[in-house]
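Participant: If you look up TrEMBL, you'll see 423-505 marked as domain 'RCK C-terminal'. Here TrEMBL flags 12-34, 54-75, 152-177, 183-204, 225-243, 263-287, 299-318, 324-342, 354-372 as transmembrane segment.
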Amino acid sequence: MRALHNLEWSKILYVTKGMLVGAIAGVVISLLRASVELLLETTFEVYHFLNDQPIWIVGWVLLMLLFAFIISLLIKHEPDIKGSGIQDIEGQLHGSLDLNWSSILWRKFIGGTLAIGSGLALGREGPSIQLGGAVGQGVNHYLKGNRSQQKILISAGASAGLAAAFNAPVSGILFVLEEMHRKFSGILLLTAFSASITANFVAYQIFGVEAPMNLGELFQFPLEYYGHLVLLGVFLALGGWLYQEVLLAMPKVYSMLPIPPYLYIFIPFLLVIPIGLFFPSMLGGGIEVIDMLNEGSPTLWLLVGIFVFRFIFSHLSYGSGLPGGIFIPVLSLGALMGSIYGNGALSLTGIDDIFLRSFIIYAMGGFLTSVTKAPLTSVMLITEMTGSVTHLMPLAVVCLSAYVMSDFVGSEPIYEELLFRKVNAQPRLFQGEVAEITMHVEVGTALDGMMAKHLITPEGAHLVKIARRDHEFIPHRDTVFLPGDELIINTDKGYVSDVKKQLYKYN
(Lines of atoms letter the chains of each structure in order from A and count residues from 1; the text may use other names and numbers.)
(Lines give C-alpha, C1' and ligand atoms only; values in the text may rest on other atoms or scores of the structure.)
Protein backbone atom coordinates (compact mmCIF):
# COMPACT_ATOMS: atom_id res chain seq x y z
CA MET A 1 0.00 0.00 0.00
CA ARG A 2 2.85 2.37 0.80
CA ALA A 3 4.33 1.72 -2.64
CA LEU A 4 1.03 2.62 -4.27
CA HIS A 5 0.79 5.74 -2.13
CA ASN A 6 4.26 6.85 -3.21
CA LEU A 7 3.54 6.48 -6.93
CA GLU A 8 3.59 9.76 -8.87
CA TRP A 9 0.12 9.45 -10.33
CA SER A 10 0.45 12.66 -12.34
CA LYS A 11 3.32 11.13 -14.33
CA ILE A 12 1.39 7.91 -14.86
CA LEU A 13 -1.52 10.00 -16.12
CA TYR A 14 0.73 11.73 -18.66
CA VAL A 15 2.13 8.37 -19.77
CA THR A 16 -1.44 7.16 -20.30
CA LYS A 17 -2.36 10.29 -22.24
CA GLY A 18 0.81 9.96 -24.31
CA MET A 19 -0.02 6.36 -25.17
CA LEU A 20 -3.55 7.36 -26.15
CA VAL A 21 -2.25 10.13 -28.40
CA GLY A 22 0.38 7.78 -29.83
CA ALA A 23 -2.13 5.04 -30.58
CA ILE A 24 -4.52 7.37 -32.43
CA ALA A 25 -1.71 9.24 -34.20
CA GLY A 26 -0.11 5.92 -35.13
CA VAL A 27 -3.30 4.79 -36.86
CA VAL A 28 -3.81 8.15 -38.62
CA ILE A 29 -0.20 8.43 -39.83
CA SER A 30 -0.09 4.79 -40.89
CA LEU A 31 -3.24 5.36 -42.95
CA LEU A 32 -1.62 8.44 -44.51
CA ARG A 33 1.57 6.51 -45.20
CA ALA A 34 -0.33 3.60 -46.77
CA SER A 35 -2.53 5.94 -48.84
CA VAL A 36 0.45 7.87 -50.17
CA GLU A 37 2.37 4.70 -51.02
CA LEU A 38 -0.64 3.18 -52.79
CA LEU A 39 -1.37 6.32 -54.82
CA LEU A 40 2.30 6.82 -55.67
CA GLU A 41 2.64 3.20 -56.80
CA THR A 42 -0.46 3.67 -58.96
CA THR A 43 1.02 6.89 -60.37
CA PHE A 44 4.17 5.08 -61.49
CA GLU A 45 2.06 2.37 -63.13
CA VAL A 46 -0.08 4.98 -64.90
CA TYR A 47 2.96 6.72 -66.40
CA HIS A 48 4.29 3.36 -67.57
CA PHE A 49 0.89 2.72 -69.18
CA LEU A 50 0.78 6.20 -70.77
CA ASN A 51 4.10 5.62 -72.49
CA ASP A 52 2.48 2.66 -74.27
CA GLN A 53 -0.96 4.26 -74.67
CA PRO A 54 -0.41 8.05 -75.10
CA ILE A 55 -4.02 8.54 -76.14
CA TRP A 56 -4.95 8.51 -72.43
CA ILE A 57 -2.63 11.41 -71.55
CA VAL A 58 -5.46 13.93 -71.90
CA GLY A 59 -7.51 12.03 -69.33
CA TRP A 60 -4.54 11.98 -66.94
CA VAL A 61 -4.06 15.74 -67.36
CA LEU A 62 -7.70 16.28 -66.45
CA LEU A 63 -7.30 14.07 -63.37
CA MET A 64 -4.23 16.05 -62.24
CA LEU A 65 -6.19 19.28 -62.68
CA LEU A 66 -9.02 17.77 -60.64
CA PHE A 67 -6.58 16.89 -57.84
CA ALA A 68 -5.23 20.45 -57.91
CA PHE A 69 -8.77 21.84 -57.81
CA ILE A 70 -9.70 19.66 -54.82
CA ILE A 71 -6.58 20.76 -52.93
CA SER A 72 -7.25 24.43 -53.76
CA LEU A 73 -10.73 24.08 -52.23
CA LEU A 74 -9.28 22.44 -49.13
CA ILE A 75 -6.73 25.26 -48.75
CA LYS A 76 -9.40 27.91 -49.32
CA HIS A 77 -11.39 26.62 -46.34
CA GLU A 78 -8.33 25.82 -44.20
CA PRO A 79 -5.20 27.82 -45.16
CA ASP A 80 -3.21 26.25 -42.30
CA ILE A 81 -2.85 22.98 -44.24
CA LYS A 82 -0.46 24.64 -46.68
CA GLY A 83 3.15 23.52 -46.71
CA SER A 84 4.83 21.28 -44.19
CA GLY A 85 2.80 22.21 -41.12
CA ILE A 86 5.76 21.88 -38.77
CA GLN A 87 6.08 25.65 -38.48
CA ASP A 88 2.37 25.83 -37.63
CA ILE A 89 2.82 23.37 -34.77
CA GLU A 90 5.78 25.43 -33.51
CA GLY A 91 3.67 28.59 -33.71
CA GLN A 92 0.92 26.91 -31.73
CA LEU A 93 3.37 25.79 -29.05
CA HIS A 94 4.87 29.28 -28.82
CA GLY A 95 1.47 30.95 -28.62
CA SER A 96 1.61 32.88 -31.90
CA LEU A 97 -0.91 30.72 -33.82
CA ASP A 98 -4.27 29.12 -33.08
CA LEU A 99 -5.10 26.04 -35.17
CA ASN A 100 -8.42 24.30 -35.75
CA TRP A 101 -7.40 20.69 -35.14
CA SER A 102 -10.57 19.05 -36.47
CA SER A 103 -10.48 21.02 -39.72
CA ILE A 104 -6.78 20.37 -40.26
CA LEU A 105 -7.03 16.66 -39.45
CA TRP A 106 -9.10 15.57 -42.44
CA ARG A 107 -8.17 18.31 -44.89
CA LYS A 108 -4.42 17.84 -44.42
CA PHE A 109 -4.87 14.09 -44.77
CA ILE A 110 -6.68 14.35 -48.11
CA GLY A 111 -4.58 17.22 -49.46
CA GLY A 112 -1.30 15.61 -48.44
CA THR A 113 -2.28 12.25 -49.93
CA LEU A 114 -3.23 13.78 -53.28
CA ALA A 115 -0.17 16.04 -53.52
CA ILE A 116 2.48 13.56 -52.38
CA GLY A 117 0.87 10.56 -54.06
CA SER A 118 0.76 12.35 -57.42
CA GLY A 119 4.55 12.25 -57.63
CA LEU A 120 5.36 15.82 -56.63
CA ALA A 121 8.67 16.47 -54.85
CA LEU A 122 7.15 16.53 -51.37
CA GLY A 123 7.63 14.45 -48.24
CA ARG A 124 5.13 12.90 -45.85
CA GLU A 125 6.93 13.84 -42.62
CA GLY A 126 5.56 17.40 -42.41
CA PRO A 127 1.92 16.36 -42.79
CA SER A 128 2.59 13.45 -40.40
CA ILE A 129 3.89 15.80 -37.71
CA GLN A 130 1.03 18.28 -38.17
CA LEU A 131 -1.56 15.50 -38.15
CA GLY A 132 0.03 14.07 -35.01
CA GLY A 133 -0.13 17.49 -33.38
CA ALA A 134 -3.80 17.81 -34.38
CA VAL A 135 -4.50 14.43 -32.77
CA GLY A 136 -2.80 15.61 -29.57
CA GLN A 137 -4.86 18.79 -29.54
CA GLY A 138 -8.04 16.80 -30.17
CA VAL A 139 -7.33 14.38 -27.32
CA ASN A 140 -6.70 17.31 -24.98
CA HIS A 141 -9.98 18.88 -26.12
CA TYR A 142 -12.01 15.77 -25.30
CA LEU A 143 -10.18 15.27 -22.00
CA LYS A 144 -10.89 18.94 -21.18
CA GLY A 145 -7.24 19.71 -20.47
CA ASN A 146 -5.87 23.21 -19.93
CA ARG A 147 -3.57 25.16 -22.28
CA SER A 148 -0.39 23.86 -20.67
CA GLN A 149 -1.58 20.26 -21.03
CA GLN A 150 -2.57 21.01 -24.62
CA LYS A 151 0.99 22.02 -25.48
CA ILE A 152 2.34 18.80 -23.99
CA LEU A 153 -0.11 16.62 -25.92
CA ILE A 154 0.45 18.54 -29.17
CA SER A 155 4.18 17.95 -28.71
CA ALA A 156 3.54 14.28 -27.98
CA GLY A 157 1.41 14.01 -31.11
CA ALA A 158 4.09 15.67 -33.24
CA SER A 159 6.66 13.24 -31.86
CA ALA A 160 4.35 10.33 -32.62
CA GLY A 161 3.80 11.64 -36.15
CA LEU A 162 7.50 11.58 -37.02
CA ALA A 163 7.94 8.21 -35.33
CA ALA A 164 5.14 6.59 -37.34
CA ALA A 165 6.20 8.25 -40.60
CA PHE A 166 9.74 6.84 -40.55
CA ASN A 167 9.75 4.05 -37.94
CA ALA A 168 11.96 6.43 -35.96
CA PRO A 169 10.72 6.77 -32.35
CA VAL A 170 13.88 8.30 -30.88
CA SER A 171 14.07 10.85 -33.70
CA GLY A 172 10.48 11.84 -32.98
CA ILE A 173 11.33 12.60 -29.36
CA LEU A 174 14.54 14.44 -30.23
CA PHE A 175 12.82 16.53 -32.90
CA VAL A 176 10.26 17.84 -30.43
CA LEU A 177 12.90 18.67 -27.81
CA GLU A 178 15.54 20.07 -30.19
CA GLU A 179 13.48 21.78 -32.89
CA MET A 180 10.20 22.76 -31.28
CA HIS A 181 10.95 23.41 -27.62
CA ARG A 182 14.75 23.76 -27.47
CA LYS A 183 14.60 22.71 -23.83
CA PHE A 184 14.40 19.61 -21.68
CA SER A 185 11.32 18.95 -19.56
CA GLY A 186 10.68 15.75 -17.63
CA ILE A 187 6.92 15.64 -18.21
CA LEU A 188 7.31 16.64 -21.86
CA LEU A 189 9.94 13.95 -22.43
CA LEU A 190 7.87 11.29 -20.67
CA THR A 191 4.69 12.08 -22.60
CA ALA A 192 6.45 12.38 -25.97
CA PHE A 193 8.34 9.15 -25.27
CA SER A 194 5.10 7.30 -24.52
CA ALA A 195 3.38 8.66 -27.62
CA SER A 196 6.35 8.05 -29.91
CA ILE A 197 6.89 4.45 -28.83
CA THR A 198 3.18 3.65 -29.07
CA ALA A 199 2.83 5.21 -32.53
CA ASN A 200 5.92 3.37 -33.72
CA PHE A 201 4.49 0.10 -32.41
CA VAL A 202 1.32 0.71 -34.44
CA ALA A 203 3.42 1.44 -37.55
CA TYR A 204 5.44 -1.74 -36.93
CA GLN A 205 2.22 -3.76 -36.92
CA ILE A 206 1.26 -2.40 -40.33
CA PHE A 207 4.55 -1.91 -42.18
CA GLY A 208 6.87 -4.30 -40.37
CA VAL A 209 10.02 -3.64 -38.37
CA GLU A 210 12.41 -3.19 -41.29
CA ALA A 211 14.30 0.10 -41.60
CA PRO A 212 12.70 2.44 -44.20
CA MET A 213 15.96 2.62 -46.18
CA ASN A 214 18.00 -0.53 -46.73
CA LEU A 215 21.28 0.75 -48.17
CA GLY A 216 23.22 -2.45 -47.84
CA GLU A 217 26.50 -3.13 -46.06
CA LEU A 218 28.49 -0.21 -44.69
CA PHE A 219 32.19 -0.31 -43.97
CA GLN A 220 33.93 1.32 -41.01
CA PHE A 221 35.09 4.73 -42.20
CA PRO A 222 38.90 5.05 -41.82
CA LEU A 223 40.24 7.72 -39.47
CA GLU A 224 42.70 8.97 -42.10
CA TYR A 225 39.73 10.07 -44.24
CA TYR A 226 38.04 12.15 -41.51
CA GLY A 227 39.30 15.37 -43.07
CA HIS A 228 36.93 14.66 -45.94
CA LEU A 229 34.03 14.58 -43.48
CA VAL A 230 34.74 18.15 -42.39
CA LEU A 231 35.01 19.31 -46.02
CA LEU A 232 31.79 17.48 -46.83
CA GLY A 233 30.06 19.27 -43.94
CA VAL A 234 31.22 22.65 -45.27
CA PHE A 235 30.02 21.73 -48.77
CA LEU A 236 26.61 20.70 -47.41
CA ALA A 237 26.26 23.86 -45.31
CA LEU A 238 26.75 26.01 -48.40
CA GLY A 239 24.19 23.93 -50.25
CA GLY A 240 21.81 24.20 -47.30
CA TRP A 241 22.18 27.97 -47.25
CA LEU A 242 21.30 28.11 -50.96
CA TYR A 243 18.35 25.79 -50.40
CA GLN A 244 16.98 28.02 -47.64
CA GLU A 245 17.44 31.21 -49.63
CA VAL A 246 15.56 29.84 -52.63
CA LEU A 247 12.81 28.26 -50.50
CA LEU A 248 12.17 31.53 -48.67
CA ALA A 249 12.16 33.43 -51.97
CA MET A 250 9.60 31.16 -53.67
CA PRO A 251 6.49 33.08 -52.48
CA LYS A 252 7.94 36.20 -54.11
CA VAL A 253 8.79 34.24 -57.28
CA TYR A 254 5.26 32.88 -57.55
CA SER A 255 3.78 36.32 -56.85
CA MET A 256 5.47 37.62 -60.00
CA LEU A 257 3.25 35.37 -62.13
CA PRO A 258 0.16 37.05 -63.66
CA ILE A 259 -2.23 34.60 -61.99
CA PRO A 260 -4.13 34.64 -58.67
CA PRO A 261 -2.50 32.77 -55.74
CA TYR A 262 -5.09 29.97 -55.71
CA LEU A 263 -3.80 28.88 -59.15
CA TYR A 264 -0.19 28.46 -58.00
CA ILE A 265 -0.70 24.82 -57.05
CA PHE A 266 -1.84 24.00 -60.60
CA ILE A 267 1.68 24.74 -61.88
CA PRO A 268 3.52 21.81 -60.24
CA PHE A 269 0.57 19.51 -61.02
CA LEU A 270 1.00 20.33 -64.72
CA LEU A 271 4.81 20.19 -64.65
CA VAL A 272 4.83 16.76 -63.02
CA ILE A 273 3.15 15.19 -66.08
CA PRO A 274 6.09 15.54 -68.54
CA ILE A 275 8.43 14.55 -65.70
CA GLY A 276 6.44 11.36 -65.17
CA LEU A 277 6.35 10.61 -68.90
CA PHE A 278 10.04 11.17 -69.65
CA PHE A 279 11.84 10.94 -66.29
CA PRO A 280 9.67 8.72 -64.04
CA SER A 281 12.59 8.02 -61.68
CA MET A 282 12.52 11.71 -60.74
CA LEU A 283 8.97 11.50 -59.39
CA GLY A 284 8.18 11.59 -55.69
CA GLY A 285 9.86 12.95 -52.60
CA GLY A 286 13.23 11.39 -53.42
CA ILE A 287 13.39 7.86 -52.01
CA GLU A 288 13.67 6.56 -55.58
CA VAL A 289 16.65 8.85 -56.17
CA ILE A 290 18.38 7.56 -53.03
CA ASP A 291 17.73 3.97 -54.15
CA MET A 292 19.17 4.77 -57.57
CA LEU A 293 22.36 6.15 -56.01
CA ASN A 294 22.63 3.11 -53.78
CA GLU A 295 22.41 0.73 -56.74
CA GLY A 296 25.15 2.49 -58.67
CA SER A 297 26.45 6.03 -59.01
CA PRO A 298 25.90 7.86 -62.33
CA THR A 299 28.68 9.99 -63.83
CA LEU A 300 29.67 13.18 -62.03
CA TRP A 301 28.02 15.55 -64.51
CA LEU A 302 24.85 13.48 -64.61
CA LEU A 303 24.74 13.72 -60.81
CA VAL A 304 25.03 17.50 -61.04
CA GLY A 305 22.23 17.57 -63.61
CA ILE A 306 19.96 15.41 -61.44
CA PHE A 307 20.71 17.62 -58.43
CA VAL A 308 19.77 20.81 -60.30
CA PHE A 309 16.62 19.15 -61.65
CA ARG A 310 15.51 17.89 -58.22
CA PHE A 311 16.44 21.20 -56.58
CA ILE A 312 14.15 23.13 -58.92
CA PHE A 313 11.36 20.52 -58.81
CA SER A 314 11.41 20.49 -55.01
CA HIS A 315 11.12 24.27 -54.71
CA LEU A 316 8.39 24.54 -57.33
CA SER A 317 6.40 21.86 -55.51
CA TYR A 318 6.76 23.24 -51.99
CA GLY A 319 6.76 26.92 -52.95
CA SER A 320 3.31 26.65 -54.51
CA GLY A 321 1.77 26.08 -51.07
CA LEU A 322 0.84 22.43 -51.58
CA PRO A 323 0.44 20.37 -48.39
CA GLY A 324 3.66 18.38 -48.08
CA GLY A 325 6.99 18.32 -46.30
CA ILE A 326 10.64 18.81 -47.20
CA PHE A 327 12.43 16.14 -45.13
CA ILE A 328 12.60 13.48 -47.87
CA PRO A 329 13.38 15.99 -50.67
CA VAL A 330 16.15 17.42 -48.46
CA LEU A 331 17.53 13.95 -47.74
CA SER A 332 17.57 13.11 -51.46
CA LEU A 333 19.37 16.36 -52.31
CA GLY A 334 21.86 15.61 -49.54
CA ALA A 335 22.40 12.13 -50.97
CA LEU A 336 23.10 13.66 -54.39
CA MET A 337 25.58 16.13 -52.88
CA GLY A 338 27.27 13.28 -51.03
CA SER A 339 27.55 11.30 -54.24
CA ILE A 340 28.95 14.34 -56.06
CA TYR A 341 31.53 14.91 -53.33
CA GLY A 342 32.36 11.20 -53.12
CA ASN A 343 32.90 10.89 -56.86
CA GLY A 344 35.06 14.00 -56.86
CA ALA A 345 37.13 12.71 -53.94
CA LEU A 346 37.40 9.34 -55.66
CA SER A 347 38.83 10.96 -58.79
CA LEU A 348 41.17 13.41 -57.06
CA THR A 349 42.44 11.53 -54.02
CA GLY A 350 41.96 7.87 -54.84
CA ILE A 351 39.66 7.03 -51.91
CA ASP A 352 38.46 3.44 -52.07
CA ASP A 353 35.11 3.30 -53.90
CA ILE A 354 33.59 1.12 -51.16
CA PHE A 355 33.15 4.34 -49.15
CA LEU A 356 31.05 6.09 -51.81
CA ARG A 357 27.86 4.81 -50.17
CA SER A 358 29.13 6.17 -46.85
CA PHE A 359 29.42 9.69 -48.29
CA ILE A 360 25.82 9.43 -49.50
CA ILE A 361 24.52 8.49 -46.05
CA TYR A 362 26.61 11.07 -44.17
CA ALA A 363 25.53 13.80 -46.57
CA MET A 364 21.84 13.10 -45.99
CA GLY A 365 22.28 13.89 -42.30
CA GLY A 366 24.58 16.84 -42.92
CA PHE A 367 22.28 18.50 -45.43
CA LEU A 368 19.27 18.01 -43.16
CA THR A 369 21.29 19.59 -40.34
CA SER A 370 22.21 22.61 -42.45
CA VAL A 371 18.56 23.22 -43.34
CA THR A 372 16.85 22.49 -40.01
CA LYS A 373 19.73 23.32 -37.60
CA ALA A 374 18.81 20.17 -35.64
CA PRO A 375 21.99 18.03 -35.66
CA LEU A 376 20.96 15.51 -32.99
CA THR A 377 17.69 14.76 -34.76
CA SER A 378 19.52 14.47 -38.09
CA VAL A 379 22.06 11.98 -36.73
CA MET A 380 19.41 9.85 -35.06
CA LEU A 381 16.98 9.97 -37.99
CA ILE A 382 19.58 8.69 -40.45
CA THR A 383 20.62 6.02 -37.95
CA GLU A 384 17.04 4.82 -37.46
CA MET A 385 16.11 5.04 -41.13
CA THR A 386 19.13 2.98 -42.23
CA GLY A 387 19.03 0.61 -39.26
CA SER A 388 22.80 0.84 -38.79
CA VAL A 389 25.05 2.38 -36.13
CA THR A 390 28.24 1.71 -38.10
CA HIS A 391 28.24 5.27 -39.41
CA LEU A 392 27.29 7.03 -36.14
CA MET A 393 30.63 8.73 -35.43
CA PRO A 394 31.46 9.92 -38.98
CA LEU A 395 27.83 10.98 -39.45
CA ALA A 396 28.06 13.07 -36.29
CA VAL A 397 31.27 14.71 -37.55
CA VAL A 398 29.60 15.69 -40.83
CA CYS A 399 26.50 17.02 -39.05
CA LEU A 400 28.58 19.03 -36.58
CA SER A 401 30.71 20.50 -39.38
CA ALA A 402 27.59 21.38 -41.36
CA TYR A 403 26.00 22.99 -38.28
CA VAL A 404 29.04 25.15 -37.49
CA MET A 405 29.46 26.25 -41.10
CA SER A 406 25.75 27.00 -41.51
CA ASP A 407 26.02 29.23 -38.43
CA PHE A 408 29.00 30.95 -40.04
CA VAL A 409 27.08 31.72 -43.26
CA GLY A 410 24.05 32.95 -41.29
CA SER A 411 21.54 30.15 -41.89
CA GLU A 412 18.57 30.10 -39.52
CA PRO A 413 16.39 27.08 -38.66
CA ILE A 414 14.10 26.85 -41.68
CA TYR A 415 10.89 26.20 -39.76
CA GLU A 416 11.57 29.15 -37.47
CA GLU A 417 11.98 31.40 -40.51
CA LEU A 418 8.85 30.03 -42.17
CA LEU A 419 6.87 30.63 -38.97
CA PHE A 420 8.20 34.16 -38.60
CA ARG A 421 7.21 35.02 -42.16
CA LYS A 422 3.77 33.48 -41.78
CA VAL A 423 3.02 35.35 -38.57
CA ASN A 424 4.42 38.60 -39.96
CA ALA A 425 2.19 38.28 -43.02
CA GLN A 426 -0.82 38.53 -40.71
CA PRO A 427 -1.94 41.87 -39.25
CA ARG A 428 -0.28 42.34 -35.86
CA LEU A 429 -3.15 43.49 -33.69
CA PHE A 430 -3.49 43.74 -29.94
CA GLN A 431 -5.57 40.69 -29.00
CA GLY A 432 -5.96 41.28 -25.27
CA GLU A 433 -4.74 37.79 -24.39
CA VAL A 434 -1.50 37.17 -22.50
CA ALA A 435 1.03 34.84 -24.11
CA GLU A 436 4.03 33.36 -22.32
CA ILE A 437 7.46 33.20 -23.93
CA THR A 438 10.30 31.18 -22.44
CA MET A 439 13.95 31.89 -23.15
CA HIS A 440 16.87 29.84 -21.86
CA VAL A 441 20.12 31.33 -20.64
CA GLU A 442 22.95 29.52 -22.38
CA VAL A 443 26.60 29.46 -21.32
CA GLY A 444 28.73 32.22 -22.83
CA THR A 445 25.86 34.21 -24.34
CA ALA A 446 24.98 37.84 -23.66
CA LEU A 447 22.44 36.71 -21.05
CA ASP A 448 25.00 34.73 -19.03
CA GLY A 449 25.79 36.92 -16.00
CA MET A 450 23.49 39.76 -17.08
CA MET A 451 21.43 41.61 -14.45
CA ALA A 452 17.68 41.71 -14.92
CA LYS A 453 17.73 45.51 -15.10
CA HIS A 454 19.96 45.34 -18.19
CA LEU A 455 17.59 43.10 -20.14
CA ILE A 456 15.98 45.27 -22.79
CA THR A 457 12.57 43.86 -23.69
CA PRO A 458 10.41 45.15 -26.56
CA GLU A 459 7.51 47.41 -25.72
CA GLY A 460 4.66 45.44 -24.17
CA ALA A 461 6.88 42.55 -23.06
CA HIS A 462 7.86 41.99 -19.42
CA LEU A 463 10.07 39.55 -17.55
CA VAL A 464 7.71 38.12 -14.93
CA LYS A 465 9.63 35.23 -13.37
CA ILE A 466 12.66 32.98 -13.60
CA ALA A 467 12.63 29.19 -13.39
CA ARG A 468 15.90 28.01 -11.80
CA ARG A 469 16.41 24.31 -11.23
CA ASP A 470 13.31 23.11 -9.38
CA HIS A 471 11.69 26.39 -8.37
CA GLU A 472 10.43 29.66 -9.79
CA PHE A 473 10.81 33.18 -8.38
CA ILE A 474 10.03 36.76 -9.29
CA PRO A 475 13.28 38.55 -10.18
CA HIS A 476 14.31 41.95 -8.85
CA ARG A 477 16.41 44.48 -10.72
CA ASP A 478 19.73 43.12 -9.48
CA THR A 479 18.97 39.44 -10.11
CA VAL A 480 21.81 37.89 -12.11
CA PHE A 481 20.91 35.42 -14.85
CA LEU A 482 22.71 32.08 -14.59
CA PRO A 483 23.28 29.40 -17.25
CA GLY A 484 20.30 27.06 -17.30
CA ASP A 485 17.83 29.71 -16.12
CA GLU A 486 14.52 29.84 -17.93
CA LEU A 487 13.31 33.42 -18.35
CA ILE A 488 9.53 33.68 -18.54
CA ILE A 489 8.32 36.75 -20.41
CA ASN A 490 4.71 37.84 -20.90
CA THR A 491 3.40 39.81 -23.85
CA ASP A 492 0.23 40.17 -25.87
CA LYS A 493 -0.54 37.20 -28.09
CA GLY A 494 -0.54 39.41 -31.18
CA TYR A 495 3.08 40.43 -30.61
CA VAL A 496 4.65 37.04 -29.83
CA SER A 497 6.56 36.62 -33.08
CA ASP A 498 8.12 40.10 -32.99
CA VAL A 499 9.05 39.81 -29.32
CA LYS A 500 10.66 36.39 -29.80
CA LYS A 501 12.65 37.57 -32.79
CA GLN A 502 14.13 40.46 -30.79
CA LEU A 503 14.74 38.57 -27.55
CA TYR A 504 16.41 35.57 -29.16
CA LYS A 505 19.19 37.82 -30.44
CA TYR A 506 20.60 37.64 -26.91
CA ASN A 507 21.26 33.93 -27.42
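Glycine residues also receive a Cβ, built from the backbone N, Cα and C atoms like all the rest.
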Participant: Considering only Cβ pairs within less than 8 angstroms, which of the stretches 12-34, 225-243, 263-287 has the most against the transmembrane segment (354-372)?
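Facilitator: Selected stretch: 225-243, with the most Cβ pairs under 8 Å.
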Participant: Residues of the same chain, at least six outside the transmembrane segment (263-287), with any C-beta under 8 angstroms of its C-beta?
Facilitator: 40, 43-44, 46-48, 50-51, 57, 60-61, 64-65, 67-68, 71-72, 75, 115-116, 118-124, 213, 254, 257, 306, 309-310, 313-314, 316-317, 319-322, 324, 328-329, 331-333, 335
Participant: Considering only the recorded stretches 12-34, 225-243, 299-318, state which has the highest number of Cβ pairs under 8 Å to the transmembrane segment (324-342).
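Facilitator: Stretch with maximum Cβ contacts: 299-318.
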Participant: Mind checking which residues of the chain, 6+ beyond the ends of the transmembrane segment (299-318), have their Cβ under 8 Å from one of its Cβ atoms?
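Facilitator: Residues 83-84, 115, 120-122, 243, 246-247, 250, 267-268, 271, 275, 279, 282, 286, 289, 324, 326, 329, 332-333, 336-337, 339-340, 343-344, 347.
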Participant: What same-chain residues lie close to the transmembrane segment (225-243): Cβ under 8 Å, and 6 or more beyond its ends?
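Facilitator: Tertiary neighbours of the transmembrane segment (225-243) are 311, 330, 333-334, 337-338, 341, 345, 349, 351, 355, 359, 362-363, 366-367, 369-371, 394, 397-406, 408-411.
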Participant: Please average pLDDT over the domain 'RCK C-terminal' (423-505) for the predicted structure.
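Facilitator: Over the domain 'RCK C-terminal' (423-505), the predicted model scores a mean pLDDT of 75.
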